[in-house]
Every structure is written in structure tokens, then in C-alpha cells.
Amino acid sequence: MTNFDIHSKNIGQVHFIGIGGVSMSGLASILLDKGISVSGSDMGDSEVLHELSEKGAQIYSVHSAENISSPDLVVYTDAISSENPEYLEALSRKIPTMDRGTFLGQLMKQYKNSIAVSGTHGKTSTTGMLSVILGDSDLNPTILLGGYLEQLKGNIQIGDTELLITEACEYKRNLLKFYATIGLILNIDADHLDYYKSLDEIVETFGEFASKIPSDGHLVINADDENCERVVDRSSCKVVTFGIKSPATYTAEDISFGDDGTASYTLTVDGSGKYSVKLSVPGLHNIYNSLGAIASSHLAGLSLSEIISKIVEFKGTNRRFQRKGELNGFTIIDDYAHHPTEVKATLEAVKNLHPKKVWCIFQPHTYTRTKSLLDDFSKSFAEADKIIITNIYAAREKDTGMIHSKDLVEKIVSQNSDAVFIDSFEDIQNYILENACDGDIVLTMGAGDIYKVGENLLKK
């Protein structure tokens, strides 16, 4: 199936393979709200699955061909195997199937306006900012967010207007399946090198994304990012820029950071008009994120005064510079950073808090990313006083022996940084309890389950 109409009378039931994922669960919720019957399978157990069940979805805890009753469409996540029994059952019975990205793209086509937030870094934080700015405005959008946001009490808002806001990930070129009237590109960096062969190939993908924005739409792009600049010529729509260093439509000047690390700046628009912006999140990277969110919200129809009054209410999403608590006088912060650029930006934000000492506990995410970006990773921990590296989180990959966390430790030490490998979470926790002191910050980082270290420490 290449087309899907949410209003079609031919679509009465949709089955989701991997329904517990942050995006898949949101899509399922939208269908349930539209009165479409939903079923789905997921081997995990989470609050999200319980909420879907309470809304009327039929949830299965195992993948089985028997779970496929008589759906009109089967939607599957990228994470499933081609040998998944439900997927094979759908194929054998000639039930239409659609991957998650294509399904979301088809859903976007049914909204008059849509904002797609793309970029290697900052998508969830920026979409979170947009959610806070636009969520309870008269625009009342439907929102699909890649993390938990307190204002939404989850990761989704179902609006009643013709505006949809979603993240657009470049992995496997998923963003090319989307239909955006406002396409935001925050930055372009080397990542997902298990799929892409080079940075040039990634830039080409973003260029194609820009070319798909309709001529009456807008491309919102980071003027300070040289790779973003490379895709501008691919667009046939109006280009709106934001930045700090380069001339741009939306510019941040007179930047300062408070004692709590949060940023303030003066916003200029088209070189004139000055507006004071206060953020409740730390780091230079969040200034860039806020500029992208402000520009996109302004283009969507909100006044700058409305936008600026709302953006200060954004205090972050789950696992993005999340303060977990205090223990023995030291503060525990958790962050999703799993790329060298993100690691560096997060550590710089921590330094703005003026800690006595920064303990960075990093869990590398995937073997291919660790291997391909090893040199960059080794240089990204300079702002940490002590670095603890634990085992690589495999995610979708298998350990073939190509790389080990000890290789990263060796590289970090070669950069004159103090790093050590510790295998188990329990040993890491004991190490921190024995060594961290009053006034220190303990930072857990990674896209896997490293957050459990901080949570376990706080249970001590």
C-alpha cells in the first residue's frame, strides 16, 4: 500500500508491529482518536502500552501470526526483522503493509500544514519547544514527540486543527517519506554510518528533503552550519535562516548564562527589532534549538511576543539534561547524548553550572557509531574531570569484535583526559559513592540504559 487516508471507510482496523515505540504508540493513539480500531504487539511492558490498552487497543505481548486477525493495514517499525511472524503472515494473506515512516508521511498529507523537525542533533528538544509554544495556542496542533514532555503528560497531543508537528529522522532516509510545509533543519553531522557511506551521502539526503518542500512552504535552516548551507540551493521554497555567528533572519545576540546554566539572549529578526529571550534550559546548543523553534512558530502564525512568553516554560524533555536529584551533596544529571557533538555540547552546558568536579559516565551506543566516530569521541570529553566508560550498548547490532569500550578509553587517555573502563553498573555506582564529593556533578550519558546508574544511586 502506498497511500493511506485516515478518513477512508475502507480502513477500519490497523495493526502495529512494535506498537510500544515512542512514535508507533503516538500514531496508534491518533487512529484511536479517529475511531479506528487498533491492535498491536510489543515484547516490552510499559506505561504507554497500558495507556493504549485503556484507550481500546488490543495489545499482544508476543509476536505471533495469530495476532493478525483481519486488519485493513499492518504498520511495522524499522526495528523488526524481515522474518517477523506477523509481518510474514500479513504478506502471505496479502494484507497491505506499510513501514512507520511511510505511514507517518501519509498521515502528514492529510493535514494542510505540517512542521517537520530534522537534523542530526536536537530534534526532540526543539519539537518539545514547539509543543510548549504552540500546544495550547489557537493553532492547537497535533504533535508527535520523541520523548516525554511534562506539559503533554506524554509524547503526543491530538489537536483539532490542520497543523501537525513531528520529528523527522534521517535514519534510513525516513525523512524523505514526509510531507512538510515547514521543514526545519537544525544541523547536519556524520551519524548513522551503519547505513550511510559518508557525510556527503547524509547531506544529499537532507538536500532531497529540502527539495520536497512545496514552493509555497518554508525551509528553516541553520546559517552557522556549513553542511546546512550546502542544501539551500536544492530548495524551491522560501529559505529562512537562524544563527549566532552568521547573518541570518533570526539571530541571537548578547548571549549570557545564569548561575543555573540557563541561557538568555537578544533576538533580532531581519536585522531589526530586538526581543529579550529567556530560556529555562542550558547550553549553547539549546540557543540554536530555540532559534529554530521560534522561526518555525513565527512562520506558523504566532506573534513573536506570544512565542517568547511561552518558550521560557519549556524545561526540557525526558533524558535531555534531566536533573535526577542529589546525593551526598553531588548532583546527578542524565542526558541522551550519544554522538561526539552532543557529548561536547552537554559537557559544556554542565560547566556553566560551575561544579567542583564533573564525573562523566558514558555508555557508547552501537558498535558502528563507536568505531566510525572513535577519534571524534576521544576529543569530546575535554570538559569532564573524570570519565567512566562502560560497555557498548548494542541496540540493533551484534558484537562482531570490531570495537570495545576499552579502545575508546585508550583514545581518550591519549588526549590527556582521565578515563577508566568499568564493566558493571553496580561497580560504577560504588566507584561514584566512594569518590564523588559535595558540589560535584555526576553526568550519565548515552542512548541506552545508562540512566539506571543515576536512578540506582538515588535509591541508596
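Numbers here mean position along the shown chain, with the first residue as 1.
Backbone N, Cα and C define each Cβ position, glycine as well.
Caution: TrEMBL annotation is automatic and unverified by curators.
According to TrEMBL:
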type: BINDING; residues: Gly119, Thr120, His121, Gly122, Lys123, Thr124, Ser125; note: ATP binding site
type: DOMAIN; residues: 14-111; note: domain 'Mur ligase N-terminal catalytic'
type: DOMAIN; residues: 117-296; note: domain 'Mur ligase central'
type: DOMAIN; residues: 319-448; note: domain 'Mur ligase C-terminal'
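DSSP assigns Gly119 (ATP binding site) to coil, not to a helix or a strand. Cβ atoms within 8 Å of the centroid of the Cβ atoms of Gly119, Thr120, His121, Gly122, Lys123, Thr124, Ser125 (the ATP site) belong to the same-chain residues Val117, Thr126, Leu186, Asn187, Asn289, site residues excluded. Neighbours of Gly119 (ATP binding site), defined as other CB atoms within 10 A of its CB across all chains, total 26. When the domain 'Mur ligase N-terminal catalytic' (14-111) is classified with DSSP, helix, strand and coil residues number 41 helix, 19 strand, 38 coil. When Cβ neighbours within 10 Å are tallied across all protein chains shown, the highest count among the binding-site residues His121, Lys123 belongs to Lys123.
Listed in sequence order, the residues of the same chain lying 6 or more apart from Gly122 (ATP binding site) and placing their CB within less than 8 Å of its CB are Leu186, Asn187, His285, Asn286, Tyr288, Asn289, Gly292.
Secondary structure of the domain 'Mur ligase C-terminal' (319-448) per DSSP (helix as H, G, I; strand as E, B; remaining residues coil): 45 helix, 31 strand, 54 coil. Listed in sequence order, Val281, Asn286, Asn289, Gly316, Thr317, Arg320 are the same-chain residues at least 6 apart in sequence whose CB falls under 8 Å from the CB of Ser125 (ATP binding site).
According to its DSSP assignment, Ser125 (ATP binding site) is helical. Every protein chain considered, the tally of other Cβ atoms within 10 Å of the Cβ of Thr124 (ATP binding site) stands at 24.
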